[in-house]
Amino acid sequence: MLLDVDDATVQYIDAVLVKPDPQVFNKYTRFFLDPKLETLYQDFTAIYWFGRARWHVAAWMAVHVVMNIVFYALPSSGFTGMEQFILSYDSLPTYFQWIYIPIALPFAALPSKQNPLQTRWRSWVCLIIIFFNLTFQVWLADASRLAINAYVTVVHDHLSCKNLSSKLTSTFADINGSLSGIDDNLSNDTITNALAYLSDEQKNLTISVTHMCSDALVQTLVGFASLFSFLFVISIRLEFVQVVVVAVTGVAIYAIVVSAFGLHLQWIITFAYGMAVILLLVLSYSSDRTNRRSFLSNFLVEKENENLKSSLKEAEAALQNDSAHADEQRAVARVLAAPEMHHLEMVHIPFADFTFLEAIGRGSMGDVIKARYFGTIVVCKRMRREYIVESGVGRNRNETRDTFNGDSALASFRDEIELMSCLRHPNIVQFIGASWDNASNLCIVMEYLENGDMHRVLHSGLGKNFTWADPLLKMAIDAVQGMLYLHSQKRPVVHRDLKSVNILCSATFGCKVGDFGLSRRYNKGVDALTTLVGTPFWLAPEIIRSERYGPEADVYSFGIVLTELETRHTPYHDQEETGLKVLMRVAHKGLRPSLPSSCLPERRKLIEDCLRDIPKRRPTFAQVLSRLQGPVLLEIEGHVAAQPELERRVLLRRHQERRSL
């Protein structure tokens with residue numbers, strides 16, 4: 001939930017954000033100089049930070065309860081002296097420590113939306129901490145004093161003359177009877193009295209040291225509890241003024257406890273406590289400034305995000321529900337809904353049957369959108385609206401007209417539907433249907449493959465660790481099998497844009513050939529493909545030279561894909577020349593992508609054969625598949641066999657293949 005402010009306020013905050021601190025904050029309180037901005041800040045913190053404060057207070061109470069449980073367990077812990085630690089509800093301060101609970105419990109327990117304390121949550125937290133400091137420190141000092149008094153009593157009893165007299169009488173009687181040359185007037189009573197005097201001195205010294213150490217311990221515990229509460233209020237993002245209030249009351253309570261319980265003031269501990277308080281106040285002063293600066297930045301970011309979400313929702317609504325223009329409807333009706341196109345109704349999907357989720361790619365004429373179709377995740381290849389026009393005109397995003405043949409884009413869309421509806425193969429992206437009943441949204445619906453395209457996989461951190469044993473060879477074979485299916489049709493299908501981006505990968509890195517927007521059926525001896533189409537660095541030399549070409553051009557493109565599998569780099573990545581010069585060298589000077597020295601001979605020979613300049617000298621996809629499954633596979637397995645750490649993976653893959661058969 002974002003605060004409802006007008007654009008003028010947003011612009012004002014944007015201007016304040018770049019101003020220096022003296023022009024934004026009060027020097028002493030750190031409040032905003034502008035009262036309206038201060039009010040906006042308080043409203044913002046009540047919305048965004050109140051929930052965090054509730055959880056902090058709840059955690060605080062839970063720690064307090066756990067600490068009491070630990071204190072109860074101390075007397076039975078078995079440690080020497082712990083049985084003297086007194087913690088019972090016989091004394092009033094023990095109950096006193098829980099007085100803050102009726103204040104803290106409603107603050108932490110009531111939901112944010114129903115909590116009446118939300119608007120003044122910081123003041124309420126101050127009150128909780130002040131009450132806690134007062135009651136907890138009093139209880140801690142009282143409980144510690146009771147435990148120390150019990151300990152002093154035990155020390156006094158052990159060092160008293162009464163306890164020593166019986167032991168000393170028998171002991172010194174033996175000593176007196178065994179000594180010779182000692183004055184007869186030196187009786188047992190004289191020795192006993194002398195040792196009793198020494199025992200009293202020892203007792204007084206021990207008790208004095210015990211009191212001094214116990215006072216230091218109590219002051220340390222009380223001071224630590226006070227400092228911990230200061231850290232708490234800083235972490236919960238209280239304002240500097242409120243932290244000062246908590247600190248002043250905490251120091252006052254500390255002084256009261258030291259005085260009320262008659263503790264000997266330990267100056268070293270007091271000095272350390274005072275320095276810690278000063279450092280925490282400096283931290284709060286800086287933290288409050290940071291929180292307020294963060295508010296300005298976060299407010300603008302949240303406002304921008306809200307605007308973007310609103311724009312996205314509007315765009316999504318327009319994407320799915322925007323009515324088509326009259327010229328779009330006429331163009332779609334003429335190209336896709338004509339009577340002679342009735343056979344396309346078999347693959348038609350109503351646009352209302354699927355829901356767009358997110359855009360995952362963009363092509364030259366359309367967007368690739370992830371969608372849901374009856375619970376199944378699919379991919380929609382959606383034509384951009386500027387191409388949905390009548391013959392002879394086009395429309396760009398600004399509704400201006402450009403001169404190009406609009407029907408050609410729609411005709412290509414129709415041809416791709418007709419082609420894909422005839423293709424069924426495990427290594428061809430599955431065609432599900434197409435939608436054109438909403439003339440502003442022309443979509444081809446296909447299966448969704450989780451790992452995206454091969455190019456992205458190869459350039460990912462995972463792809464960098466791939467080997468030919470697993471799964472690069474499998475990926476290459478899958479792509480070849482898909483292309484072999486296309487070329488084995490009665491009228492071979494020439495893909496004309498084969499590249500790693502158009503080879504899609506499943507979750508297990510099985511590969512399928514996709515994107516048939518430029519594909520054409522080829523009739524040898526009749527058709528002459530001469531159109532310069534495709535992606536430059538994957539183009540065969542004959543296409544670059546504007547010569548006639550056929551299925552052999554796809555083999556060349558696959559050879560480039562093999563170099564991508566080999567290098568995990570884009571073709572010609574090591575060339576410093578412009579793309580046009582590289583293409584000219586490919587077409588006329590035999591330039592080919594470089595291969596690493598790690599490329600094994602059979603793979604290198606296959607790649608070189610696929611990239612031959614003369615199309616007829618290139619192998620067919622049937623021959624490429626045979627070589628991949630034969631010599632190349634054997635070479636890889638032989639290479640892997642020499643590496644024991646990879647042998648297990650090869651055996652596992654073979655076992656899986658046999659089971660699948």
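Every residue, even glycine, has its Cβ placed from backbone N, Cα and C.
Record features (TrEMBL):
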TRANSMEM  57-75  transmembrane segment
TRANSMEM  95-112  transmembrane segment
TRANSMEM  124-141  transmembrane segment
TRANSMEM  216-236  transmembrane segment
TRANSMEM  243-261  transmembrane segment
TRANSMEM  267-285  transmembrane segment
COILED    298-325  coiled coil
DOMAIN    354-633  domain 'Protein kinase'
BINDING   Lys381  ATP binding site
Counting only residues 6 or more past its boundaries, what in the same chain has a CB within less than 8 Å of a CB in the transmembrane segment (243-261)? 126, 129-130, 133-134, 137-138, 141-142, 145, 218-219, 222-223, 226, 229-230, 233-234, 273-274, 277, 280-281, 284, 288
Compile a sequence-ordered list of residues in the same chain as Lys381 (ATP binding site), six or more apart from it, whose Cβ lies below 8 A from its Cβ; state 'none' when nothing qualifies. Gly363, Gly366, Asp367, Val368, Ile369, Cys443, Ile444, Met446, Asp515
Chain residues outside the transmembrane segment (95-112) and at least six past its termini with a C-beta under 8 angstroms from it: 50-51, 53-55, 57-58, 60-61, 64, 89, 118, 121, 124-125, 127-128, 131-132, 135-136, 138-140
Across the domain 'Protein kinase' (354-633), average pLDDT on the 0 to 100 scale: 86
